[in-house]
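Engineer: This structure is in structure tokens; I'll ask about it shortly.
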Amino acid sequence: MQEELFTSGRNIPHIDPSLEIWHWPISVYLFLGGLAAGLLLFAGLVTILGKEKEYPTPVKYASIITPIALSLGLLALVYDLTHPLYTWQLYTTIRLESPMSWGAWVLLVTTPLSYLWVFSYFSEIFPKRNLKFNFLKNFEKFLKKNRKNMAYALIPLSIILGVYTGVLLSAFNARPLWNNAILGPLFLASGLSTGAATIILLSKTAKEKYLFSKIDLALIIIELGLIVHMIMGMYAGSQVQLDAMNLLIGGEFTLMFFGFVIILGLIVPGILELLEIKGYKVPVAIPAILILIGGLIFRFVIVEAGQLTRYLY
Amino acid sequence: MRYAMVIDTLKCVGCSDCVVACQTENDVPIGYCRDWITETVDGTYPNIVLELKSERCNHCDNAPCVRCCPTGASHIVDGGIVLVTPNECIGCGACIQSCPYDARYQHPEGYVDKCTFCHHRLEKGQLPACVSVCPTKCMYFGDLDNPNSEVSKLLKNRKWKTLAPEAGTKPNVYYLI
């Protein structure tokens, strides 16, 4: 038996008895960042493949959500900083070893680009509204011409953004639950899945719903596979990783993780989408909303549970 | 120059003098601490082993906090001391998440703060405050690159351990056991 305690009465706010430096804004940001990455990737892909006419939702209506999601996400991030007046220090340096530095720079490029993207569709989204100034009209025309170029930039940027939400966590070797290489691809897959779900929700044509249900089903299967890999990898790991996994399996996060993330957030919507693809009538809003809620809860579970795992004490 | 601290767990009585000295010397805000004492009891009565340790930032050679800092506020200076520049720190908490020793905290003013090995005292040729006040003289401070320094000799002649070496951080606070 071993018992360890602080005799000098250590009780530092947010660190003892359990670490809680990162609160709900981080989970919300990771969700919104993943969602935006998914929406941007689909918008870019559809544009490059030249299928804007057939699939208008990902390029037009869903892309209105992207800048809103990114801006809210950025606000959430800054809200969780404790020295926010110095945020500009992020942009005085490029630190290749720090995932957060990568994220800050990618967001600096991607957020304005997502606004420009929506602006290039302004007349098509709001056909009754006229741009008042000539230079705005010219600017829209210029953006319209460069849509393909924007799309080429958006694809790598959105993938980095989606992976970054996971790598941000997996780079911390002091939090054993986070410290596994699968978290990056897992968060990317989850982000793409929430993006596809949003497109299904906003879409008005059966053809589009069919395609994105298929894409979403594939992403759900990939996600389930990656989760199995994560669990197996952790169980083959060291004691701290075993302890971390026990939080999710047979610990205080079991219900949240298996009930809400895996069953309600992945398996049930997966089955519903499969039925829909097979031709049964399923209201597509149900799986789409389940995926969005499941994705949000997934971020909360990983962020909260990860902070309970540590090496000492 | 490679600074290291060596702490003799067989001599430490857990009086917390080092903790108070640090708080006074460095104006640590009330309720916070840059160093602390742990008491570890192994075994069941009557076969028990007690170990007392004064713990702090380990000023790791492979410091994860420096690696993940997005602004470069966390950096390593001469002698391997890990420092934080308050005016470059945005308070994102990445370094706190990355520290296996939980040695960092958010100062009430927002930036992240931690043990500096009393860098300002070393510049004047003095020992860190915690080392200088220890009543049992169980703490030693010096240069590991110099084979004749007290710390080098102690590590050569005594059994020692570091905390959580499996975290791969190469810590520079050694505990004689």
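For all residues, glycine too, the Cβ spot is worked out from N, Cα and C.
TrEMBL annotations: computationally assigned, not manually curated.
Relevant sequence annotations retrieved from TrEMBL are reproduced here:
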TRANSMEM  A:26-49  transmembrane segment
TRANSMEM  A:61-82  transmembrane segment
TRANSMEM  A:102-122  transmembrane segment
TRANSMEM  A:151-172  transmembrane segment
TRANSMEM  A:178-203  transmembrane segment
TRANSMEM  A:215-235  transmembrane segment
TRANSMEM  A:255-275  transmembrane segment
TRANSMEM  A:282-302  transmembrane segment
Engineer: Have the transmembrane segment (A:178-203) and the transmembrane segment (A:102-122) got at least three CB pairs under 8 Å, pairs 6 or more apart in sequence?
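Structural biologist: They do not touch: fewer than three Cβ pairs between the two stretches lie under 8 Å.
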Engineer: Counting only residues 6 or more past its boundaries, what in the same chain has a CB within less than 8 Å of a CB in the transmembrane segment (A:282-302)?
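Structural biologist: Residues 24, 27-28, 30-31, 34-35, 169, 177-178, 183, 190-191, 193-194, 197-198, 200-201, 209, 213, 216, 220, 248, 253, 256-257, 260-261, 264-266, 268-270, 272-273, 275-276 contact the transmembrane segment (A:282-302) from elsewhere in the chain.
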Engineer: Quick test of the contact rule: Cβ under 8 Å, at least six residues beyond the ends. What residues does that give for the transmembrane segment (A:26-49)?
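Structural biologist: Hits for the transmembrane segment (A:26-49): 55, 58-59, 62-63, 65-66, 69-70, 72-74, 76-77, 80, 107, 110, 114, 117, 147-148, 150-152, 154-155, 157-159, 161-162, 164-165, 168, 187-188, 190-196, 198-199, 212, 292, 295-296, 299-300, 303-304.
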